[in-house]
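Colleague: A single structure is presented below for examination.
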Amino acid sequence: MAINIRKTHPLLKIMNHALVDLPAPSNISLWWNFGSLLGLCLIIQILTGLFLAMHYTADISMAFSSVVHICRDVNYGWLIRNIHANGASLFFICIYLHIARGLYYGSYLYKETWNIGVILLFLLMATAFVGYVLPWGQMSFWGATVITNLLSAFPYIGDILVQWIWGGFSVDNATLTRFFAFHFLLPFLILALTVIHLLFLHETGSNNPLGINSNADKISFHPYFSYKDLLGFFIMIFFLATLALFMPNLLGDAENFIPANPLVTPPHIKPEWYFLFAYAILRSIPNKLGGVLALLFSIFILMLVPLLHTSKQRSTIFRPMTQIFFWLLVANFLILTWIGGQPVEQPFMMVGQIASISYFALFLIIMPFAGWCENKILSLN
C-alpha cells in the first residue's frame, strides 16, 4: 500500500491536520467563513504593504510626496495603494462580523481562543492606527496628535509617556519613523498570534450553530469547507476590487489629501470609520482619564464575556430574549459608529452618551440577566 506523504511528512502533517483532514461540524453556516476571510485579508495586506514599503519614504518632508509618487509613477502603484487602504476596511468588516458570530453562537466559551482573538483585535487596531499616520496628510497628523495625547491623562507618567512615544515634544519626524517601524512589524506579530489562535481552536474543534457537542457528526475540512471558503474568497475579492477600482476614496477622509500642517487644525478631527464606535465612547465622557479608560474597556470588555455567560445553553439560537438584546447591541454599535463621525454638539452628544451607557449595560448587566431569566423559564417547564 502506498504511503500518503501528507500524513507522514513532518511539515505536511501539520498542514494536513489544520486544512485537509481537520474534523469539522457538518452544520456550520456561512458565518464560519470569516476566519478564513480574515486570513486572506492578512495575506493581502502583508503583500500589498510590502510592495508599498519598497517605494515609501518615512520622512516628514517626503512621506506625502512618496505616496503621490507611488500613485502616479510606480507601475500599478495606485492599485496596490487602493487595495491596501480599502483592504484595511474589509479586514475590520470581517473581524467585526467574526466577533458578532462568536457572541451570537457562544464561541467565546473557548476562552483561550477567544482571548487571543481579542488581543488580535487590539493589535489590528494598533496596526491600522499607526498605518493611518504614514501618508502624512492633515488627518494623519492630527489623528496621531489627538490619539497619542490621550495617554497624558494617566497620572504622574502621562506626559513622559506621550513625549516618549512622540520621540520629542510634538508629533515629528521621529514619530513618523517609529510608526512606520511598528506598522511593518505588527502584521507579523498578528500572523504569529493567528497561528496560536488556530492552535487553540483545533484543540477543541469548532463550535456550531446549535452550540452542542458535534463529535458524532463531523466531516473533513477538505473538500467540503475548503470549497465553501473559496466561494467566500471570490465574493470578498469582488467587493475589494469594486471598492478599490470604482470607489477608492469612499471610506477615506478628504482632509488627508492635504499635506500635514501643524499650524492648521481640521474642522473635525476623526479617525477612520472602524474606530468611530470607540471614539464616540471616548467623547461621551467629559473626564479625560475616564474617557481613555472607557475607550480601552470598550474593547477589553470582550474578555469578560465568557465570565458573564449565565445561560445553560451555549448558543442564542433557542434564546429569543437574548437574541433581542444581541440585535440591540448591533444597532447600538452602528449608532456609536455614526455618532463618532458627527461634530461635538447637541443632539449628538446626548445620543452618544445614551448609546455608550447602553453598550456597557448590555454586556455587563442586561445580557447576563436575560440568560438568568431564560434559565428560570426553562426550569419552570
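Backbone N, Cα and C define each Cβ position, glycine as well.
Found this in Swiss-Prot, in case it helps:
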type: BINDING; residues: H84, H183; note: heme b b562 binding site
type: BINDING; residues: H98, H197; note: heme b b566 binding site
type: BINDING; residues: H202; note: ubiquinone binding site
type: TRANSMEM; residues: 34-54; note: transmembrane segment
type: TRANSMEM; residues: 78-99; note: transmembrane segment
type: TRANSMEM; residues: 114-134; note: transmembrane segment
type: TRANSMEM; residues: 179-199; note: transmembrane segment
type: TRANSMEM; residues: 227-247; note: transmembrane segment
type: TRANSMEM; residues: 289-309; note: transmembrane segment
type: TRANSMEM; residues: 321-341; note: transmembrane segment
type: TRANSMEM; residues: 348-368; note: transmembrane segment
Colleague: I'd like the Cβ neighbour count for H183 (heme b b562 binding site), meaning other Cβ atoms within 10 Å of its Cβ, all protein chains included.
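Modeller: I count 22 other Cβ atoms within 10 Å of it.
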Colleague: Compare the C-alpha of H98 (heme b b566 binding site) with the C-alpha of each of the binding-site residues H84, H183, H202, and give the closest one.
Modeller: H202
Colleague: Is the count of Cβ pairs under 8 Å between the transmembrane segment (34-54) and the transmembrane segment (179-199), pairs 6 or more apart in sequence, 3 or more?
Modeller: yes
Colleague: Counting only other Cβ atoms and using a 10 Å cut-off, which of the binding-site residues H84, H98, H197, H202 scores lowest?
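Modeller: Lowest Cβ count within 10 Å among the binding-site residues (H84, H98, H197, H202) is H202.
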Colleague: According to DSSP, which kind of secondary structure is H197 (heme b b566 binding site) found in, if we only use helix, strand and coil?
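Modeller: Where H197 (heme b b566 binding site) sits, the three-state DSSP reduction gives helix.
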